[in-house]
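Here the structure is laid out as structure tokens; the discussion comes afterwards.
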Amino acid sequence: MYFLDIWDVDMMRRRDETNKTDHRTNLYHCDNLIVRRGQEFQIKITFSRAYKPNEDKFAVEFVIGADPQYSKGTYLPVFPTKTRQSSWGGRVIQTNDNVVTMGITPAANCIVGKYHMYVAVQTPFGIRRTKRDNSRDLYVLFNPWAADDAVFLDDEAERQECVMNELGVIYHGAYDDVSERNWNYGQFNYGVLDACLYIMDRSEMPITNRGDPIKVTRKASAMLNSRDDDGVLVGNWSGDYTYGVAPTSWTGSTDILLSYSGSKMPVCYAQCWVYAAVFNSFLRCLGIPSRVVTNYYSAHDNDGNLKLDIILDDNGRIDRSRTKDSIWNYHCWNECYMSRPDLPPGFGGWQVVDATPQETSDGMYRCGPASVLAIKHGHICFPFDAPFVFAEVNSDVVFYSRKNDGTMEPVRVNKSHVGRMVLTKAVGSNGRRDITDQYKFPEGSPEERTVLEKAEEFGCKQEKSSPPEADVNVVLPTLEISVGNDFEFNVEFVNQSLQKRTVQAYVSGSVVYYTGVSSNEFLFKTPTVTIPAQKSVKELMTIESRNYLAHLVEQANLNFIVTGKIKETGRIVTAMKVVTLHTPKLTVEVTGGGRVNEEMMASVQFTNPFSFNLENVHLRMEGPGVMELKSRYYSLLPGGSSLTWTEMFAPQRAGKTRVMATLDCSGLRQVSGQASITIET
């Protein structure tokens, strides 16, 4: 009677074998076995002789972390017999001569990460254990398909979009002139899963917390920015990106994540959509359903109340030195899907997490997870950081008049400007989906009032006064303008009263960063406008490109603010408008086979539409599942001249996808183009 010995272990880890197809992990570029928790996978063990269940004793052992312990869930023995089980289920599925096929089910709340695997057999001479073998390492991910997992999402179309889709569309621009940016999340690309696990290692997050999506997402929201913990991305809103890649130049997350895990140094540079896009790759890669959302007119409030203070002098002109709060034209954050056992029932589901470093939370630059439903209903006492997100979508814009003695009097309140629209990519298509109603009730509805009162009980202060409305309205035009164009800007004054009105107006136009911070004022006029009773008068202004072109910052936005005082009544009138200048497009064309592993060609064309030269021009191009990142540099592109850049590539997998490209230089940011392609097998 020979004792049982182990000859071989087959992890059944090939892409076409049942483990990877059943667990939906066959797209990961990784040779090891990757499974999702709470769901059975199989391995085959070849013994030295036939296995006898009544006499032989063996266990499959999984260990994770530096100091594996059974009590901490970091050492997990899995047994084949019903009488003896641990938190990971085990069973013999089939025995064939010397080969035993074993089914193993990781607990639905187990630690997410990379485990080492051993097989141990009891012999008369003690325990015999297999040697350490990297090819038997096992990755365990979150499982949105398993009902017992905290990230379970009971909607297949939503899971395909928010876990499996690598192609992103991220919205920017202005709420009445939406622009989109394509992004390659690349969550299945070679090395990305290891990079995501490295981020958790680097954060020194206790290994035992890594099965809890609340703790994982909160830690990651701090780790994706480099403030206070040498995290993944360095933020830069200065306009000078000499020592890194301009935020507008990136086309996907892979390059950023691999650069961080390779160099172990923060990557330069990011602004809000880059943080949100890379965070999205991290979440989808680990199996947490997630999406990038954009909030138009996002309040960035410096003093934690529910109002943005704009301070005017006695005549109604903006006092820029005293106005500290800013309104971002848009701001991107993430939503991830999970249950919230730490909150009362009903507040699970979509949670806001935000990696852009704006304010500290518990001493770190991080934000979330905050329940979207709690924000909608004003339960801003629920963890984490709900008041900050609530203010981003609900703040009032309050205009104060500052008297000569320094006292401030509220003269106008705009309750509907902030949080004008919240967008995310539609499920299963490249269209957009308006989810504003998930964050707030309709403006002016009784529910909205109740929510604001509730928020106030929890300490969010609001502007109580409602100064009388002025009887003159100021209407600003909606314009679509390209960079470099001259245009007409007509300010319309509408008199709703029965007497004539005279307005001493201030019309200011300045170039702004998308964060609402002004860089240069290119227009300042002080017309006095007389409007007959119940009539309207248009004040015409011509804006010449030479006045604004020299001052443009990367996301060419022109911010127009009209303020003024009605002579007859002393009331204040205000109006605000952001005009997003459209940049020229890249033309991307793809030609060739259209089959997996057959060579194809992508060409990018661009013509410099300006009379001036563009210098130090960087181009980038990539496509989810079909093309790795390629880049090209041109030191000079003279005014009026064109460039054509072609690259060959062989698609790695079938399906619908896009090839996306960007062009970036200090004279012109945010130029992009894309081509949709379908690859056959």
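Cβ atoms are placed via backbone N, Cα and C, with glycine included.
Whatever TrEMBL says is automated annotation, not expert-curated.
Sequence-distant contacts of C272 (active site), defined as residues of its own chain at least six apart whose C-beta falls under 8 angstroms from its C-beta, comprise W328, H331, C332, W333, T356. Residues annotated as active site in TrEMBL: C272 (among others).
Of all the Cβ atoms in the protein chains shown, 27 others lie within 10 Å of the Cβ of H331 (active site). According to TrEMBL, the active site annotation covers H331 (among others).
The annotation active site is assigned in TrEMBL to D354 (among others). Within the same chain, the residues at least 6 positions away from D354 (active site) whose Cβ sits under 8 Å from its Cβ are S221, Y275, A276, W333, N334, R366, C367, G368, V389, listed in sequence order.
Sequence annotations record features per position, and here TrEMBL assigns Ca(2+) binding site to N394, D396, E443, E448.
The domain 'Transglutaminase-like' feature in TrEMBL is assigned to 264-357.
Taken together, the residues of the domain 'Transglutaminase-like' (264-357) have an average pLDDT of 91. A simple way to gauge crowding: the CB of E448 (Ca(2+) binding site) has 17 other CB atoms within 10 angstroms, across all the protein chains here. Here the domain 'Transglutaminase-like' (264-357) has, by DSSP, the following mix of helix, strand and coil residues: 15 helix, 40 strand, 39 coil. Between the binding-site residues D396, E443, the minimum number of other C-beta atoms within 10 Å of a residue's C-beta occurs at E443. Sequence-ordered, the extra residues of this chain that approach the Ca(2+) site, with Cβ no more than 8 Å from the Cβ center of N394, D396, E443, E448, are K415, S416, V418, G419, K440, G444, L452. N394 (Ca(2+) binding site) is surrounded by 25 other CB atoms, counting those within 10 A of its CB over all protein chains shown.
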